[in-house]
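Asker: When I checked TrEMBL for this same protein, it listed these features:
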BINDING   D:Arg48, D:Arg54  NADP(+) binding site
BINDING   D:Arg125, D:Ala126, D:Ser127, D:Asn240, D:Ala241, D:Gly280, D:Lys295, D:Pro296, D:Thr297, D:Ser298, D:Ser299, D:Arg321  FMN binding site
REGION    D:38-59  region 'Disordered'
4 protein chains.
Amino acid sequence: MSGNTFGTLFSVTTFGESHGKAIGCIVDGCPPGLELSEADVQPDLDRRRPGTSRHVTQRRETDTVEILSGVFEGKTTGTPIAMIIRNEDQRSKDYGNIADTFRPGHADYTYWQKFGIRDHRGGGRASARETAARVAAGAIARKWLNQRYGVVVRGYLAQLGEIKVPFKDWSDVNASGNSFFVADASYVPRLEEYMDALRKSGDSIGARLAVVAHNVPVGWGEPVFDRLDADIAHALMSINAVKGVEIGAGFACVTQRGSEHGDEFTPDGFLSNNAGGILGGISTGQDVVAHYAIKPTSSIRLERNSIDKDGNAVKVSTEGRHDPCVGIRATPIAEAMLALVLIDHALRHRGQNGDVVCETPKLR
Amino acid sequence: MSGNTFGTLFSVTTFGESHGKAIGCIVDGCPPGLELSEADVQPDLDRRRPGTSRHVTQRRETDTVEILSGVFEGKTTGTPIAMIIRNEDQRSKDYGNIADTFRPGHADYTYWQKFGIRDHRGGGRASARETAARVAAGAIARKWLNQRYGVVVRGYLAQLGEIKVPFKDWSDVNASGNSFFVADASYVPRLEEYMDALRKSGDSIGARLAVVAHNVPVGWGEPVFDRLDADIAHALMSINAVKGVEIGAGFACVTQRGSEHGDEFTPDGFLSNNAGGILGGISTGQDVVAHYAIKPTSSIRLERNSIDKDGNAVKVSTEGRHDPCVGIRATPIAEAMLALVLIDHALRHRGQNGDVVCETPKLR
Amino acid sequence: MSGNTFGTLFSVTTFGESHGKAIGCIVDGCPPGLELSEADVQPDLDRRRPGTSRHVTQRRETDTVEILSGVFEGKTTGTPIAMIIRNEDQRSKDYGNIADTFRPGHADYTYWQKFGIRDHRGGGRASARETAARVAAGAIARKWLNQRYGVVVRGYLAQLGEIKVPFKDWSDVNASGNSFFVADASYVPRLEEYMDALRKSGDSIGARLAVVAHNVPVGWGEPVFDRLDADIAHALMSINAVKGVEIGAGFACVTQRGSEHGDEFTPDGFLSNNAGGILGGISTGQDVVAHYAIKPTSSIRLERNSIDKDGNAVKVSTEGRHDPCVGIRATPIAEAMLALVLIDHALRHRGQNGDVVCETPKLR
Amino acid sequence: MSGNTFGTLFSVTTFGESHGKAIGCIVDGCPPGLELSEADVQPDLDRRRPGTSRHVTQRRETDTVEILSGVFEGKTTGTPIAMIIRNEDQRSKDYGNIADTFRPGHADYTYWQKFGIRDHRGGGRASARETAARVAAGAIARKWLNQRYGVVVRGYLAQLGEIKVPFKDWSDVNASGNSFFVADASYVPRLEEYMDALRKSGDSIGARLAVVAHNVPVGWGEPVFDRLDADIAHALMSINAVKGVEIGAGFACVTQRGSEHGDEFTPDGFLSNNAGGILGGISTGQDVVAHYAIKPTSSIRLERNSIDKDGNAVKVSTEGRHDPCVGIRATPIAEAMLALVLIDHALRHRGQNGDVVCETPKLR
């Protein structure tokens, strides 16, 4: 049991169900002295928030966060920071029809088998709503990493179904009207058309996304099991609907020669970044780069074969309010998880004599 | 620091460097009463062992394991099982020329930056030799899982460079003369030819592999961070040279519709397994299926640009004895890691009233 | 950093400062299917609550708990249970005078040295108020332990300053008018007189208490570091103001012979319980018995020598509202901590084949 | 299960049974760059070693340690340090008669109940022999703590049965001929006489001991559960036969007034040390002081009532080679455990901005 805590020195424990009273988390291990208020956390929550465009769930939640502890006179004290987000728009009756049946591809079935009881309303604990608490925690991690080391964590959607969106510019990702987090805003009309057709069809679609951390010092990560890349894989795969994770070149390395894959060094820096900024599980000082695949939403309007709790054959289709592509809102979540991995390793890392050394990356 | 322990209730702590006195591990949490001797562990070590074909490193190690504790009158006692493998063929002088330079794509650089000191001989702690200890631990996990739940863990090489080898039959994987762990032995001649050419060229190549667990009961895995899939991603990504991990459909889900990806239920079982046997981080009772990508070896004979410890430009080429494709020997390692994840979750899992319930999967 | 989580499989993470917005906790790992509502938790909180007699702090808090998650239709679901207690009576101005000075014997000094910032209001995170969250978590643990194994956890005050109160009967502990938790209610008038005099003097006093668990099955506890007794010592010593812990005979064993200390077995049970129900770190099936010492409150009215933040000599005396003997309210806290240790080991324990066996104690 | 690992960032995992092939441990998290060889570890092992005087077990073990990994060219590399001590004098036949019966006060009974199997030879895993591995790990911790912070950890025996030995001088503890670790060597003849009589009687006796750490910086320890004092209590109570732990004034605080117990500050330092160097779970910069009680050995020659595995009444007396007072050899073990707690907190501690600050204690 348990399993709702992430991190060793900077740990986050989340709670809450989709249609319960509230969701939230306790962040333990935030260094003292960081200026912090709800205003630092709310923007990331707003980026993840439902109902911001017609392409995502229309559930209406303000996702207003309240900090309950760990901050005194505007600064963190080194003690646990509890954050709470009250649920507001719980239209639980939408879910009555799935209380006794299982959606194909959904955690309905496994929760029921494992626990013998489940809060079926909106997916209960298995809902992506839980990730709002991660985003809140990640916002704190990001602020500290940025202030202390200049680390910047950001992500984008690289592929929506068959549509690959090449990286153009970071400024495009947050451009006005770009509700897709793509790094080339000129693709937005084409994506909107794609999503409109998809929504009409009652189906859903997968996505491929990227998340990147700039300015990570060299030396973060602990061999051999607590590698930075292994922890990133753990973190990203723990996000609802993620089915694959790549570091750097990822699966492309299968057909690479060693002479191509191994990033050459020069006195002025690395000549490439197939490693994704990690060698031997330890950061190299280059950008940390990961990709991940998000499966299509399992709650779709199309009718599908399933069973009920007694094992009888039934047909299931889901009305409710669901994202036809959960990948669209995944970027802030992945950014949060990457930041949580990085801050934990930042705090674990020590230099040669057991002291922290703020290494300046020797190479870029 | 630390980071050399894997698992919560069934934990493995490994030690040892490539050219140190010995490598080994302590397995803590093995249930009592399991019949165990070196004969249960040695076969898996032999499958991973170097020098078994001309396509892998020619280092000569018998990899003979000795069990030091935790077994009494042929059975485990519930106390820690220490295992040791003495290193025999330490040709350290091969590595003298890399003491002060860094191989592109190798952990040489990051270990030196992180620790300010490194055992450069044969890659030291970053050597794939460390994984022999994991294989030894995994052999114990596999035996217990099999005896207690009938779980079978096995893997194969699915792609070597550009050559995709479709799955034909499990019996082919261990067929005599198939030193590649491919699931269609008829591909062996073509692979041998490919590897011979590669070795001659002085270069190396990547690979894509699969690992599967059969007969996993429904209900293993802890939401939301200690998901079975997240732990598998962690485990596989912690293996040297792994750059990508997929569960079930993996990155193929990006272009799947929800109506295609979500595995339908019938009273007789699931109709497909895009989930890879895991929904919401919890096992479904289907086969647990994962794929992973292994990058090409960084130690190659071809000359490459690098720097020395003082930051000066140098040329580096590695002689020594290296696998031109580390993927070839990766199968037993991934099997071990998957078994270690599964036994940990098997021991963590409890049923509705806090007791263990040996669930019979309701569906296949 | 971090450090605010207790337990492995049944874990509790607490948050909150004495005069912040709220205190509370997340309980992770509670087995599913347990009937639970605020009514199960509130009684234990009421027993610990301040202001219940003239011998404890007069701060007015209703300590009303709200459960935010993890319960569905009246039963636990196996997911995290968040509980919150809003602070009501924050008379922070009482503490203005200690913002820049340190009370002898108080955590004021060490928090300031460690974190460089501290919420001085009411002791902030170091306040005994934090223990209300532990009591709330302990109430859940106690209910499950009782329903599943019949375990009963209870405690009493054995000595207040020089006044030793011999154990007479458990029914006395909760007798009406016994605000001291002593096991012989006839001592109450004498204790009241003692406390009245103490309060008048402006000083405080220590106490010795006992905590006992009945019906603990044989076999709980993990050698060699996660022993049941070691975890109990950890748990009790983590309570504010505790300076000593004894298991069974405790320090009395120093002058015992082996022939006296070792509890003899007969077919009908043990003949004594010097072990306190634990041998080799594992429960014997007898009562688990521990004692602990609580130091006198450091916040006293008497003037004492101290320094301010700049190191200058100052005189310090504390007005505010403080318990002259924190031991008086410690019993519910120790009961909670013992329950938290026991449920964690209950969930970790497995029998010979890796399944849980609900052992009936062979001997009493 | 599991439970054989101690520590978070500097962790020790021990293995081995009294009469198995070997005992040993893996130390994970030792900072790199520490000069280390067997010569640093052996002296502490020699102090704990059996057979050094007629007052302890006559088992003949050289307890020669071999370091297998983690050291390169005489310095630690930051990777796991495995250490092994081969068992030599296994006179297992001495124990044949206790294979089927249980010694009163011994872990025989609980191991058998928990695991359904036990290595009865010499107590198996429950033997104090396991602590040699802790002493080896502690020696590394002590060396690093001393070199990095000047910390000195040492202990002494304060009471043997009824004989209290007041502290006279540290130099007496290791004086030639003082095999009792008492801090007043003039007591040795009296103690020898006492032990000779005891041995003749076939009985055993308890002891009270102290362990102290000098030069601990202010600020080590994490509120609220991972307090320095709570971790020390855990560490000391995890030593075989310990039944009580005190920090600073310990149980004496029960009768202390707050005006007496609270250590006053002056600009020149503390005026007393009732706190034992810890306030609010965090080190104050004063000496860290703990006492602990060791129960009398359960293996005695005197005949006692017991049962056999089938529950039949039997008489048990133990021949073999046993310490009549295990407290005599406990000092090096407690020193090791205290050092292990301290180094873990040293590595966890960070200052205001997340960096390590080597605080100079402001006060003594």
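Placement of Cβ uses the backbone N, Cα and C atoms for every residue, glycine included.
Note that this is a predicted model, so its numbers are computed, not measured.
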Asker: Which binding-site residues among D:Arg48, D:Arg54, D:Ser127 have a Cβ sitting under 8 Å from any chain C Cβ?
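Answerer: Cβ contacts with chain C under 8 Å: none.
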Asker: Please report the distance from the Cα of D:Lys295 (FMN binding site) to the Cα of D:Arg48 (NADP(+) binding site), rounded to the nearest angstrom.
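Answerer: Computed Cα spacing between D:Lys295 (FMN binding site) and D:Arg48 (NADP(+) binding site) is 18 Å.
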Asker: Could you state the CA-to-CA distance between D:Arg54 (NADP(+) binding site) and D:Ser127 (FMN binding site) to the nearest Å?
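Answerer: One finds 20 Å between the Cα atoms of these residues.
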Asker: Over the span of the region 'Disordered' (D:38-59), count residues by DSSP class, listing helix, strand and coil in order.
Answerer: 11 helix, 0 strand, 11 coil
Asker: If you draw a 10 Å sphere on the Cβ of D:Arg48 (NADP(+) binding site), how many other Cβ atoms land inside?
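Answerer: If we count other Cβ atoms within 10 Å of D:Arg48 (NADP(+) binding site), we arrive at 24.
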Asker: Across all chains shown, how many C-beta atoms besides its own are within 10 angstroms of the C-beta of D:Ser299 (FMN binding site)?
Answerer: 27
Asker: Name the residue among the binding-site residues D:Ser127, D:Thr297 whose Cβ has the smallest number of other Cβ atoms within 10 Å.
Answerer: D:Ser127
Asker: Sub-8 Å Cβ contact with chain B: please pick out which of the binding-site residues D:Arg125, D:Ala241, D:Lys295, D:Thr297 have it.
Answerer: D:Arg125
Asker: Are there residues at least 6 beyond the ends of the region 'Disordered' (D:38-59) whose Cβ is under 8 Å from a Cβ of it, and what are they?
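Answerer: Same-chain contacts beyond the ends: 65-67, 83, 85, 89, 91, 131-132, 135-136, 138-140, 142-143, 179-180, 192, 195, 199, 321-325, 328-329, 331-333, 335-336.
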Asker: To see if you understand the setup: which same-chain residues, six or more apart in sequence, place their Cβ under 8 Å from that of D:Ala241 (FMN binding site)?
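Answerer: Same-chain residues close to D:Ala241 (FMN binding site) (Cβ under 8 Å, separated by 6 or more) are D:Ala128, D:Ile294, D:Lys295, D:Thr297, D:Val326, D:Gly327, D:Ala330.
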Asker: Roughly how many Å lie between the Cα atoms of D:Arg48 (NADP(+) binding site) and D:Arg125 (FMN binding site), rounded to a whole value?
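Answerer: D:Arg125 (FMN binding site) has its Cα 18 Å from the Cα of D:Arg48 (NADP(+) binding site).
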Asker: Return one of helix, strand or coil for D:Arg125 (FMN binding site), based on DSSP.
Answerer: helix
Asker: Other than its own, how many Cβ atoms are within 10 Å of the Cβ belonging to D:Arg54 (NADP(+) binding site)?
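Answerer: I count 11 other Cβ atoms within 10 Å of it.
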Asker: Helix, strand or coil at D:Thr297 (FMN binding site), per DSSP?
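Answerer: Assignment for D:Thr297 (FMN binding site) reads coil.
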Asker: Using a Cβ cut-off under 8 Å and a sequence separation of 6 or more, which residues in the same chain sit near D:Arg125 (FMN binding site)?
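Answerer: Result: D:Gly16, D:Glu17, D:Ser18, D:Tyr111, D:Asp119.
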